[in-house]
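Below you'll find the structure, written out as structure tokens, and then a few comments.
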Amino acid sequence: MAQRDTGGGQQRTGRRDDETAEAEVEESGASDLKERHEKLSEDVDSLLDEIDDVLEENAEEFVKGYVQKGGQ
């Protein structure tokens, strides 16, 4: 009986290449995500610092405005 070559060896190599490519994409995606997270964290920290500065300067006005609007 004749045996057929299904090219299985090439498919295995293709899978390894695909896995390597996927790993590279995941690594670059993870580094992009990390950079984005750091940038957003810096932005949030900056905004919170700005809010703190405003509250320190205008704390009394802030409290009066809050109470007048129905805050407790």
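Just so it is clear, glycine is given a Cβ too, placed from its N, Cα and C backbone atoms.
Swiss-Prot lists 1-11 with the feature compositional bias 'Gly residues'.
What Swiss-Prot lists as region 'Disordered' is 1-41.
Feature annotation from Swiss-Prot assigns compositional bias 'Acidic residues' to 19-29.
The coiled coil annotation in Swiss-Prot covers 22-61 and is backed by sequence analysis.
For the region 'ARC ATPase binding' (28-66), the predicted model reports an average pLDDT of 88. What Swiss-Prot lists as region 'ARC ATPase binding' is 28-66.
The compositional bias 'Basic and acidic residues' feature in Swiss-Prot is assigned to 32-41. Residue counts for the compositional bias 'Basic and acidic residues' (32-41) by DSSP state, with H, G and I taken as helix and E and B as strand, are 10 helix, 0 strand, 0 coil.
Positions annotated as deamidated glutamine by Swiss-Prot: Gln72.
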* Could you give me the DSSP helix, strand and coil counts for the region 'ARC ATPase binding' (28-66)? => 38 helix, 0 strand, 1 coil
